[in-house]
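Taken from Swiss-Prot, the feature (6S)-5-formyl-5,6,7,8-tetrahydrofolate binding site covers Arg25, Glu82, Lys121, Lys456. The domain 'TrmE-type G' annotation in Swiss-Prot covers 217-379. Among the features that Swiss-Prot reports, GTP binding site is placed at 227-232, 246-252, 271-274. Taken from Swiss-Prot, the feature K(+) binding site applies to Asn227, Thr246, Ile248, Thr251, supported by sequence analysis. What Swiss-Prot lists as Mg(2+) binding site is Ser231, Thr252.
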Amino acid sequence: MNYLKEDTIAALSTAAGKSAIAVIRLSGENSFQIIGKIFKTHSKPEQQVKHGYITDGIEKKDEVLCTFFKAPHTYTGENLVEIAAHGNPVIINEILNLLYKNGARPAGPGEFTYRAFLNDKMNLAEAEAVCALITSKTEMSAKAALNSLSGEFSSKIKNIRDAVTNLIASMEANLDHPDEDNMFLSRSEKLSRFDSCIKDVQNLLNSYKTGKILQYGIKVVIIGKPNAGKSSLLNAILGKNRAIVTDIAGTTTDTVEETIDCCGIPLIITDTAGIREHSENLIEILGQAKTREAVCKADILIWLFDSSSEPDCNDAKIADFLKKSDLNIPIICVLNKSDLPPLFSSSLLNRENKVKVKISAKTGVGIADLLDEIVKIAGVSESKNDYLMINTRHFILLQNTLESLIRTKQSLSAKDADEIACFEALSAQISLNEILGINVKQDILDTIFSTFCIGK
């Protein structure tokens, strides 16, 4: 990613397509000069928001409002202009082309936020939170991302980093002046403080699972024999007819995926083709192969049974498939068609020893109980509002930090190992700094910002 900081960049910052208003962002040292070439206004020079027209010098292209932000008090830390234009793609392209012709260049993915990072307007963890906030799927995930963007996660990292840095300084001073031991922290005090740092890191690591769930959602796959009511269950959960439902076995021949907000958790629910003992239909066979593929990617499995009939060879085949798959995920056994006389024998379920929920996809009875069970398994409480968005990069670096701190403590406990303890503590400090974006390799930065949308 070859982002030249000296360039002035421009891009559409609002969603593409027709809308009432679209915002074009222009950032860089020459932003004011470039916009001055195509923006004509009668507003007073001291006004920050100015009304006028975009023109190519011959004719007007649009009536707009331009907001001027002077460096360094801007999102990027540079001179920045936001053009509020009418949201017609034809007009937007004309304005962008005029900006490019007059000295700006198209911004790359996340380049505005990248410049904010380079200009110390935010650290790397906060920049990543910007992307997480934009892509949030639920209100709770947006709150978690905003908490991180507001600096709550960074503050915790800085506190641990500063504590480690102070301990390193004490250890280095101790090594330089071994005869003045009484002037520095005692060994027991150092061990106690490292213990505190370890606990703080462990608490953040424990937040990773929740952050991952809020950011990416939970994949819930519905599996069962043909006509168990899988598609009806999907429709009942969604509250609309998304999947085709008939009395003909094998109606669903492909996976159908939908996402819902369940108590703040994004649930990615997949309806699958039914698995049965014998099938000569090629399309159905291919559908069953996709079912097996979806099961292997699931976070939670809903195994659906028809409670109005006895378990048969198809149920047994699914049980055998799950056993051979050796899945290490929660499986919820759901007895569907509770509105009909029960004929289902629980012997198969007793052997499986899984959570059991009774529902009727037709009437909606038990659907809320099923969703409650999924939320319970996820372990995310909607009443909490202090969640943080900790991503995989942070998790790996926090793990590295934890391992380094544990080795530091072990070395401090041993005799004549102070230099090793100091080295390990420095490793922890480096990992913590990387989370904040200090001394991070360019290829890592390129990877992070390439996931952003253009215009942010």
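Every residue gets a Cβ built from N, Cα and C, even glycine.
Sequence features annotated in Swiss-Prot and their locations in the structure.
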residue : record                                              : Cβ neighbours (10 Å)
Arg25   : (6S)-5-formyl-5,6,7,8-tetrahydrofolate binding site : 22
Glu82   : (6S)-5-formyl-5,6,7,8-tetrahydrofolate binding site : 19
Lys121  : (6S)-5-formyl-5,6,7,8-tetrahydrofolate binding site : 18
Asn227  : GTP binding site                                    : 22
Lys230  : GTP binding site                                    : 30
Ser231  : Mg(2+) binding site                                 : 24
Ala273  : GTP binding site                                    : 28
Lys456  : (6S)-5-formyl-5,6,7,8-tetrahydrofolate binding site : 22
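Spacing of Ser231 (Mg(2+) binding site) relative to Ala273 (GTP binding site) is 9 Å (Cα to Cα, whole number).
Among the binding-site residues listed (Arg25, Glu82, Lys121, Lys456), Lys456 has its Cα nearest to the Cα of Ala273 (GTP binding site). Largest Cα-to-Cα span within the (6S)-5-formyl-5,6,7,8-tetrahydrofolate-binding set Arg25, Glu82, Lys121, Lys456: 18 Å. Checking each of the binding-site residues Arg25, Glu82, Lys121, Lys456 against Lys230 (GTP binding site) by C-alpha distance, the shortest gap belongs to Lys456. Neighbours of the (6S)-5-formyl-5,6,7,8-tetrahydrofolate site: apart from Arg25, Glu82, Lys121, Lys456, residues of the same chain with C-beta atoms within 8 angstroms of the site's C-beta centroid are Ser13, Ser27, Thr74, Tyr75, Thr76, Leu80, Phe112, Thr113, Ala116, Gly455.
Rounded to a whole value, the Cα-Cα separation of Lys456 ((6S)-5-formyl-5,6,7,8-tetrahydrofolate binding site) and Asn227 (GTP binding site) is 47 Å. Distance from the CA of Asn227 (GTP binding site) to the CA of Lys121 ((6S)-5-formyl-5,6,7,8-tetrahydrofolate binding site) is 57 Å. If you measure from the Cα atom of Glu82 ((6S)-5-formyl-5,6,7,8-tetrahydrofolate binding site) to that of Asn227 (GTP binding site), you get 56 Å.
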